[in-house]
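One structure below.
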Amino acid sequence: MMIASSLAVLYGIAIVSSMGVQSARADYADDCTTPDGDQGQCMPFSSCRTIEERLTEAQKAGQKVPADYASYLQKALCGEFNGVRHFCCPSANIQHNSKVMSLFKDENFDCGNFLSQRVSNGYEVKLSSRPWMALLRYQQFGESRFLCGGAMISERYILTAAHCVHGLQNDLYEIRLGEHRISTEEDCRQQGRKKKCAPPVVNVGIEKHLIHEKYDARHIMHDIALLKLNRSVPFQKHIKPICLPITDELKEKAEQISTYFVTGWGTTENGSSSDVLLQANVPLQPRSACSQAYRRAVPLSQLCVGGGDLQDSCKGDSGGPLQAPAQYLGEYAPKMVEFGIVSQGVVTCGQISLPGLYTNVGEYVQWITDTMASNGL
């Protein structure tokens, strides 16, 4: 019997006793107390090492879950989100979903490959050199417009900001991939006497809008979302995923990089400011700089970046990637990694020279992998 089938039987038991105070109040990743009295978080079973291992052992042995452990799980049940039952998992046992991590670590998963170039602020990037860039298209007041950006992270998922999706699910209907110059049907560059052109752009619909459960628009917290495409988009020369900071080493590196890149068409709630894909350098700032600028504490879930040059932030897309090259899973050549997401309050072109707050992607890899696993790869 498959683990999922065994769990289905177990869940039937657990539902009866899941009306406790903890299960009634818990949300994804909420703090909770395990039946053993340990501090934990409300997580899907596949993200809890001890629970997954125990159930896997039972499955391999062809046994039912022991009655005492079934009772433990009944008490640990803390909620159901996206059709998946969650359990209070000890903090030390929380793990990234193994299926999604296998996808990201597969040797054929060609993420973060980029063409290097010397970049001055506001310069056009080379054709197809940032193949993960995505444009989000909205239908508003009878007009179709690109109002946000994002980054491709798999054949079915785009990573963007929650503020680009929240309250706009009925307007946001399509993703464009493989774009360079918006106004031209075909994107080409002259190389000597030869003209090299990129394949056509791909426009694809959206199956699911997945916003972080704790997104707080007022305080710009947990500003992260996933868009599940309505079909897989095969990787091509001009359409490939960016890498994510999926290891502790990469997560820590976010605080060590001195200069990041923002890439985009300057797409914001007011439209696009550039017809062609641009890139600019933005410096990492201490969180104290943003604390002073925004008069509040800046948590680890956000990065403080930019300031100085008034035009720096104009090149990025709202919801687009804050990126930098880094060593990825032991590979020799650096890969481009998305360390941050352009959040609200960042794209303030020509206004006061303030650093911006970016969503720290490394703090949300758990959420990304859990959400992808719950909604289908």
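Each residue's number is its place along the chain shown, starting with 1.
Glycine is treated like the rest: Cβ placed from N, Cα and C.
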Correct range for region 'Linker' (source Swiss-Prot, candidates 91-118, 231-258, 259-286):
91-118
Disulphide pairing with Cys304 per Swiss-Prot - partner from Cys290, Cys314:
Cys290
Based on what Swiss-Prot records, which one of Cys42, Cys148, Cys164 is disulphide-bonded to Cys78?
Cys42
Second cysteine of the disulfide that Swiss-Prot assigns to Cys48, among Cys89, Cys148, Cys164:
Cys89
How many other Cβ atoms sit within 10 Å of the Cβ of Ser318 (active site, charge relay system)?
28
Residue among disulfide-bonded residues Cys48, Cys78, Cys164 with least C-beta crowding, 10 angstrom cut-off:
Cys48
Nearest of the recorded positions to His163 (active site, charge relay system) by CA-CA distance, picking from Glu179, Asp187, Asp223, Cys243?
Asp223
How far is it from Asp223 (active site, charge relay system) to Cys164 (disulfide bond), counting Cα to Cα, in Å?
9
List, in sequence order, the same-chain residues at least six positions removed whose CB sits under 8 Å from that of Cys304 (disulfide bond)?
Leu284, Gln285, Pro286, Arg287, Ala289, Cys290, Val298, Pro355, Gly356, Leu357, Tyr358
Hey, what's the Cβ neighbour count for Thr184 (Ca(2+) binding site) at 10 Å?
11
Which of the disulfide-bonded residues listed here (Cys88, Cys111, Cys148, Cys243) have a Cα atom within 10 Å of the Cα of Asp187 (Ca(2+) binding site)?
none
